[in-house]
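Visitor: One structure follows; several queries about it will come next.
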Amino acid sequence: MPARVPRRPMEDIDPFANAIAPPENESLQERELRLQKERAARQISEAIDAELSREQAFEKKRPKPVKILLLGQSESGKSTTLKNFQLMYEPKAFKAERASWRAIIQLNIVRSVRIILDAISRAQNIGGRPASARSSVSSQDSAFPRVDSELVALKMRLSSLLEVEQQLMKRLSVPGEVEPTERPLASSSRRHQPRELAVNSTVVWQGVFRRTGDGNGRESLDSDHLVDWDDPEDPGVKLHACRDDLKRLWEHPTVQAILEKQSIRLQESAGFFLDSIDAVTSLRYIPTDDHILRARLKTLGVSEHRMRLSDPTGGMSRDFRIFDVGGTRSLRAAWVSYFDDMDAIIFLAPISAFDQVLTEDPTVNRLADSYKLWTTINSNKLLQKTNLILFLNKIDIMQAKLAAGIRLSDFVDSYGRRPNDFDSASKYLKKQFQAILKQNSPTPRIFYCHLTNVIDTKSTRYVLAGIKDMLMRANLQESHLIL
Ligand SMILES: Nc1nc2c(ncn2[C@@H]2O[C@H](COP(=O)(O)OP(=O)(O)OP(=O)(O)O)[C@@H](O)[C@H]2O)c(=O)[nH]1
Ligand SMILES: [Mg+2]
């Protein structure tokens with residue numbers, strides 16, 4: 001009869017010891033077998049531990065990823081700059097997102113239509129009042145453009161497009177991902193701004209329109225296969241049916257007069273596609289790179305994008321992490337938690353906004369807000385060693401505004417009697433931002449500044465490649481890989 005191994009008394013009181021204790025009445029032979037198995041398991045576990053320590057040591061030796069944070073007020077062009085990075089360094093992923101951007105562009109177009117229809121309604125209200133009542137509202141109302149029956153009929157027909165807006169908003173607004181509350185449109189500047197779609201993370205909303213797989217277990221990258229053309233809820237069909245009315249509305253002289261009278265400059269606003277109605281409303285429309293860069297989708301949270309970029313000689317490559325944040329005032333508190341570990345901040349100041357106010361606070365001029373934000377970033381101690389790169393952005397709109405006679409000195413007193421041309425204005429603004437850096441930086445630092453139009457891929461490509469090379473070189477030096 002095989003000998004029995006006695007149990008230790010601890011096992012009766014400690015549940016864990018109990019669970020791993022040898023079976024009761026274990027024979028010597030069974031015991032030997034169990035110990036052999038335990039030795040083998042221990043060897044495997046030790047091998048795993050050794051592999052983990054080797055990997056950790058390797059990770060420590062590897063250069064740290066290069067981290068870039070995009071900052072600036074809402075609509076300054078942060079997400080558009082990120083799109084340029086993606087277009088340059090992750091073209092395949094960028095292409096795969098076309099179906100999702102198609103829906104955003106459709107939404108952008110319908111939003112512009114809504115702004116026009118609202119403006120016509122206001123014109124109708126004023127026009128419908130007796131002359132005496134009108135003069136009490138504004139002395140200029142007598143010259144208010146008259147809305148004729150053709151325009152009324154056009155407005156009626158296009159009102160049906162607002163359903164498309166609802167439908168798209170509902171579909172793209174993933175629960176928990178959208179702005180929680182819609183504030184009342186109290187101020188005059190918000191009066192012309194219907195609710196904007198905003199998202200927290202790019203991953204979720206893009207999934208809504210992505211058509212996955214081609215039956216072979218991989219995603220097709222052929223643009224035409226990215227969209228589900230048989231989707232009964234696809235707004236493309238309705239937009240296509242309305243294309244002539246859309247064109248008539250946008251080209252209508254009375255509409256142009258109404259917009260001018262109400263100081264609504266749609267061409268300069270985010271997500272403007274009314275000059276591309278034929279393309280956007282065509283059946284089987286797939287957005288071009290240019291359209292994707294012009295599409296407007298407000299960012300709510302912070303999103304991190306990883307990409308691997310190679311150095312100019314093609315030899316080395318580095319991991320890059322780019323962080324895109326929401327720029328609306330209420331979202332800025334979240335920025336600071338990303339400050340301690342950044343290699344560079346690209347700060348975007350949309351200089352064309354010198355005659356505009358913040359959507360979230362119409363008492364604040366947008367240029368003044370950019371100055372203030374830039375001052376805060378410059379003086380922050382956590383960012384002492386971070387490269388600060390300034391983009392004086394939206395120069396295309398700035399050029400158009402100055403050429404149209406909008407005077408910088410009417411909004412920036414200190415500009416005085418300087419010429420109202422782009423060259424003088426941009427040089428002046430650049431100096432202002434440089435002076436802020438000099439006055440507020442805790443330690444002297446280089447002033448990196450670019451005049452940008454980030455919806456122009458060609459010029460932006462050049463600027464971003466320069467930034468990438470500079471940061472990569474700094475990263476290599478820090479890692480002692482070059483001297
Ligand atoms: N014309 C012109 N449009 C631009 C430029 N840069 C950005 N835009 C447009 O301006 C709009 C706003 O840009 P976004 O990149 O979404 O702005 P953002 O800074 O990410 O804004 P938030 O997410 O609200 O913080 C988009 O429709 C862009 O296409 C530019 O240089 N010129
Ligand atoms: Mg954004």
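First residue shown is number 1, and so on along the chain.
Keep in mind that glycine also has a Cβ here, set from the backbone N, Cα and C atoms.
Note that TrEMBL annotation is computational and uncurated.
Just lifted these from TrEMBL, have a look:
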BINDING   Leu293, Arg294, Ala295, Arg296, Leu297, Lys298, Thr299, Asn393, Lys394, Ile395, Asp396  GTP binding site
BINDING   Thr299  Mg(2+) binding site
REGION    1-27  region 'Disordered'
Visitor: Does anything in the same chain, at least 6 positions from Asp396 (GTP binding site), have a Cβ under 8 Å from its Cβ, and if so what?
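Guide: Sequence-distant Cβ neighbours: Ser352, Asn453, Ile455, Asp456.
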Visitor: For ligand 2, list the binding-site residues among Leu293, Ala295, Leu297, Thr299 whose CB atom is within a distance below 6 Å of it, in sequence order.
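Guide: By the Cβ criterion, which requires under 6 Å to ligand 2, the hits are Thr299.
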Visitor: Is Ala295 (GTP binding site) helix, strand or coil when read with DSSP?
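Guide: Coil, per DSSP.
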Visitor: Under DSSP, is Asp396 (GTP binding site) helix, strand or coil?
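Guide: Note: Asp396 (GTP binding site) is helical by DSSP.
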Visitor: Validating a neighbour-count step here. Other CB atoms within 10 A of the CB of Leu297 (GTP binding site): how many?
Guide: 22
Visitor: At its widest, how many Å does the recorded GTP site span between Cα atoms of Leu293, Arg294, Ala295, Arg296, Leu297, Lys298, Thr299, Asn393, Lys394, Ile395, Asp396?
Guide: 23
